[in-house]
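Quick look at what TrEMBL annotates:
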{"type": "BINDING", "residues": "Ala26, Gly27, Ala28, Gly29, Ser30, Gly31, Lys32, Thr33", "note": "ATP binding site"}
{"type": "DOMAIN", "residues": "5-437", "note": "domain 'UvrD-like helicase ATP-binding'"}
{"type": "DOMAIN", "residues": "456-726", "note": "domain 'UvrD-like helicase C-terminal'"}
Amino acid sequence: MTERIIDQDAREKIVSQLEKNFLVEAGAGSGKTTSLVERIINIIITGKGKINEITAITFTRKAADDLKLRFLGKLEEKWKQEQNAKRKLRLEEAMKNIDSCFLGTVHAFCSRMLRERPVEAGLDPNFTELEEEDDRQIMLEAWQLYLTVLPSQNPKLLEQMNEIGIHTEQIQTFLLDSKDDPDVDWIVHHSDKPLILSAYGEFIDLLKEAESYLPAAEPDGGYDTLQQLIIKVLKKAKHIDEKNDSKIIEIFEMANKTIKVKLKNWPNKELGRHYEDKVKDFINVTLKPLLQQWKEYCHPIIVDILKGGLEQYERLKKSRSLVNFQDLLIVTTNLLKDNSEVRQYFQQKYRFLMIDEYQDSDPLQAELMFLLTAANPEEKEWTKCKPKPGSLFIVGDPKQAIYRFRRADIDTYNRVKHLICEHDGEVLQLTMNFRTIGGITKVLNAVFEKELPEKETKYQAAYRPLHSYFNNSGKCLEGIKTLTVPGEYTKKDDIIRKDADNIARCVRHLMNKGHEAKDFMILSRYSESIPVYAEALERLHIPVNISGEVILGDHKEIKELKLLLQFLSDPGDELTLVAVLRGIFFGVSDQDLYEWKRSGGKFSIYRHAYISDINENAKEKIIASLEMLRKYDDWVRLFTPAVALEKIMTDIGLYPLFLINSHSKQLFKSLLQIIEMLKKQESAGTGTFFELFANFSKMVEEKTTVANFESGGNAVAIMNVHKSKGLEAKIVFLANPVKKVDPAPMITKHINREDHGSIGHIAFLSKKGFQKASVGLPLNWEMHKAEEYAYLLEEEKRILYVAVTRAEEALIISLSEKSNKNNPWERFLHIEKIEEMSLPDMVESSPEREAAVSFSAEFSADISSMRFWLDNSQESSYVKWSPTEEKDYTEIADLERDHGGSMKWGSFIHDILEKLVNNQDMDIYMAQAMFKHQIPYSKIEEVNDYIKTVKRSFIWGDLKIADEVYTEVPIHLVVDQQSSLRPYIDNDTASEKVFVKGVIDLVYRINDNWMIIDYKTDRLHNWQEEDKLHAFYQKQLTFYREVWKQIVNSQSVQAELFFLEKEKSGFY
C-alpha cells in the first residue's frame, strides 16, 4: 500500500467545491463512482439541494442499479456516523425519498421529461418506446410501404434506381445502417453520368485481340490471371445488353483486379508482356477512374432513395405514436431548445446534473446537458450555454472511449472539456488506481507512455500514468504473464481450441488450490470465439457466465435445424429435402441417395413407392427418414408453429446432440430465449410456420444477448472487451491470439460534429461473398475514409487499455509460438522479462457428486398414482378435424408443378384477395402484406397479374351486384355421429364428437342464390391434368357447401374452385 493518495487534492475538490462545475477524468480503477456518490451526499448533507433535485445519468441500466445500491449504502453509513441533528435529518429524508432521485440512462431520463410535457414536445401522451428489434421491424415495414408508393410518387427516382442496378435488398441494408443517425446531414455531390459505352467497346476489342493468342487447350498449371480475365469477360459480354450501363459496370468490376501473366502460357514472351502492359494500362488509366466516376454518380441517387425511405419511416412512427432511442434524445433536446418555459421548469426540478461514463455518450447528450443547466434559458446554441455554478458534474475517461461505432465521439468529448474550462469550470485528474497491483500498472505505464501522446490530440487522449494504491501482495500468481500455444498448432481453429484448453486447465488448477470461479475473467477482442472457451471450461465442470452476445447461426446444428425448418415451410422443395436427408439429423449418404433416385425413388415425403433395386439397409433408412419428415409435416399442420418447433427439436434429439458435441450451456440458453421470443411473436399475431421459420432464421444469424443465472454469480466471466467496461477480476486472461481485424475495409461513414449540427460522408458497400464492394461513393471518399481510419486506429489502443486494466492481481496474455502477426495483444508481448505461465500437466475436474436419493413407500405410492393419472390424461378427450389441413397430399404428389408456389405464397395471395374484395387501398396494403408474409418486392408484378385475373373474371361482375359479400369466413362447429356432415369428414375415429374448423375464402349472395369461391394458387406444369386437382379438392368444397346450406337454411348454394394460374373452374 502506498503512503499517500496522489490525487487527494482533486478528490477533496469534488466533495467540497459544490458551487463549481467539474469534468473529472477518472482513470481505470480510480474510484470514480465513489467520488460521484460522495459529491451527491455532500449536496444533500450541506443543504445545497434535496434528493429529488439530483439527477445521475449512467451509461447502462446495470450501472444505474449498482450506483443506486452504492448510494443507499453510503447514505446509511453517513446517517449512522452523523452527530449533527440537522444534517442527520437531511440524510434521513434522503433515505426515505431515494426513489425521487433519478438514477438511470439518458434515454430513461428523456422519456421521463417527455411523458411529463408531451404536448409541448409534439407527442401523443401515450407514446410507446421502441426496443431495438421492434424499431428494426418498423423500419422494414416502412421500406416496403415506400416501395409501393414510389412508382406513383416519384417515378423518376424509381427509374434511376433501376438504371444504376441497385437492388431493394441492398437499399434496405443501407437504411438499417443509417437510421440511427437522423441528426446527420449526409453530403452529396451531383455529377454527370460517365460515358461508359465507348470505353467498354475499346476494352472488349482489346480482349478479343488478346484472345486470338490464347492456347487451344488449358495449359498445365492452368490459365494465368490475364487469360482467365479474357475468358470470363468475353463469355459474359456475349449475353449483356450494351444499353444497360449497370451491366457494363459489372464487367468492369470483374476486370478491376491485379493481373499477372505466365509468360510460358503465351506464344512468346513479348506477346505476354505486351498484353499484360496494355490491359494493366487500360485498367489503371481508364477503367478505375470510370468506376470511381460511376460510383460518385450513383451516390446521390442512393441518398435520395434513403431519404424517401427514412421519411416514410418517420411518418409511420408518428402515425403509431412510436419513438426509438434516438427520437427520445432528439425530441427532448428540441423541446429544451425551443421552449424556454419548459426548460426553466425542468431546470428548477433537476438542479444538479451528474453524468457518468461521459466518454461513451451520444453527442446529442452534450447538447441536452448544456441546455438543461444553462444560466440563460433563452440561449439556443448549446456551445454558448454557460452552466449555472455547481449544476453540472461530469465523469469520464477519454482513455476508455471505445464506442465510436455507437456514435460516441471523442471530438465532442474534447469540445465539452474545453467548454467546461471556458465557462469557469475545471478539469480534474484522478490517477490513483485502487484496483490493480503495482506490479501490473508499472509495466502498463511503460507501454502506454509510448502508445499515447503527452498532450491530447483530435484522435487520442493524453497519457496519464496509473498510480497503484496496492503494492504486490506476494501471492504465488501475480503480475503479467504469457500463456503460449505450441508451434505444432498452425491452423486458426486449432490454435483457438488449444488456447481455450490451456486457459481452462489453468483455471481448474487454480480453483483446486482455493480460488473461486468468480476470481477469473476471460476477455476476447471479438465475440466469435467465446463459445469455444466456454465449452473448454464446462468440460472441466467450471461454471461459466457469458456476457454479451453469441451468434447461434455459426453452429452446424443450428444451420441444419434451419434447413429442416426451411423444408417444412415448403415441403415440395426437393433440393432442400435432399440437403436435409444428407444432414446430421438423418445421415443418408450420397451413394444411397443416388441409388434411390436411379432406382426410381422420389424425393418427396408424400410418395415413395417400393423400390427393389437398392440396398435394403439404405432403403429402410431413406423410407424411415421420409416417414419421420412426414410426421413433422403433420405436426406443422396440427399444432401452433412454436409448439411444432419444440416437438421437432425434441424428436430429432437436438439437445442431446449439443451435449455430445460438448457445446456450452450458453447455447442452450440462447436457443431457449429465441423460442420464447418466437412464442411472444406468435401470441402477437405471427401465426404461420413460414413466418416462424423466417423469424427463427433472422434471430439465429444475429447476435443474441445471453441471460446468465449461473451459480449465483460465482462463475468465470467470459466476454469481449467492450462488455468488460466497469468490471474487474483478480485474474484476467486475454484470449484468442489469432484474430486482429483491420477496420479499413469496413468503414462506411465519417461524421464531423459541429456546433450547429453534424455533417457526414457515407459510402455504400454491398456484401460480395466474404468481401464488401462499393456501389456508391461520396466525392473525395478516400480522404474521408483515411480520416475515419485515423480515429479507429487510435480507438484500438484505448480498447487495449480497457482490456488490461480489468485485472487486480494477474494478467495472463495468450500468444502463439507459430506467429503473433494477428494477435490483438501483440503490443504487450514486447514487455521485458515477461514470464511464461506454468501449465499443469493434468488437472482434476472435481465435479460435484450426485447425492443418493431414496423414496419412502408413501411417496412412491403417490408417484405411482400420479403416473397413472398422467398416462390416462394423454388419451384424447376430443378429436379435431380441418377440411384444409387434413387432406392427404400424397394423392396429388405425382403432379408436376412449376417453381414459385408455396404455403407462404398461398397465404399471401389469400390475404391480398380478401383486402381487394373489401375495397381496401391496395397501394398501401400491398407493402404491409409483402412485409408481413416476407414476399420479395420483385414479386409485385405477379401479384398485380393475379388481381387483374380476378377483376376480369365472373367473380368481379358478381360482386358488383351481390346483395351480401363475406370474406375469410371462419367455420367452427361440432359434428356428432348423426350429423349429415359426418360422411364428409376424413377421420377414422369412433369419437362421438369431432370439432371442425375451417375458413371459406369468399361467399356472396345474389338474390336467393349463394356462391362459394375457393381460391387456389396451384402451379401445374401441365394443365391437362387439372381434373386430378378438382377431384382432390372436391370433398373440401362439398363440405363447405353443405355447411353453408345449414347456416343459411337454403339449398341454393353453389361452390366453385378458382385457379389463379389457370382461369378454369368446375361446378359440383
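Cβ coordinates are placed from backbone N, Cα and C, and glycine is handled just like the others.
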Cβ-Cβ distance under 8 Å to Gly27 (ATP binding site), same chain, at least six residues away: Asp397, Lys399, Gln429, Leu430, Thr431, Asn433, Arg464, Leu466
Under 8 Å by Cβ from Gly31 (ATP binding site), same chain, sequence gap 6 or more: Leu430, Met432, Phe434
Number of other Cβ atoms within 10 Å of the Cβ of Ala28 (ATP binding site) across all protein chains: 24
Listed binding-site residues (Ser30, Thr33), ranked by Cβ neighbours within 10 Å, top entry: Ser30
Cβ-centroid neighbourhood (8 Å) of the ATP site, Ala26, Gly27, Ala28, Gly29, Ser30, Gly31, Lys32, Thr33 excluded: Asp397, Leu430, Asn433, Phe434, Arg435
Within the predicted model, mean pLDDT of the domain 'UvrD-like helicase ATP-binding' (5-437): 93
Under 8 Å by Cβ from Gly29 (ATP binding site), same chain, sequence gap 6 or more: Asn433, Phe434, Arg435, Thr436, Leu466, Glu728, Thr805
Per-residue Cβ crowding (10 Å cut-off), top of binding-site residues Ala26, Lys32: Ala26
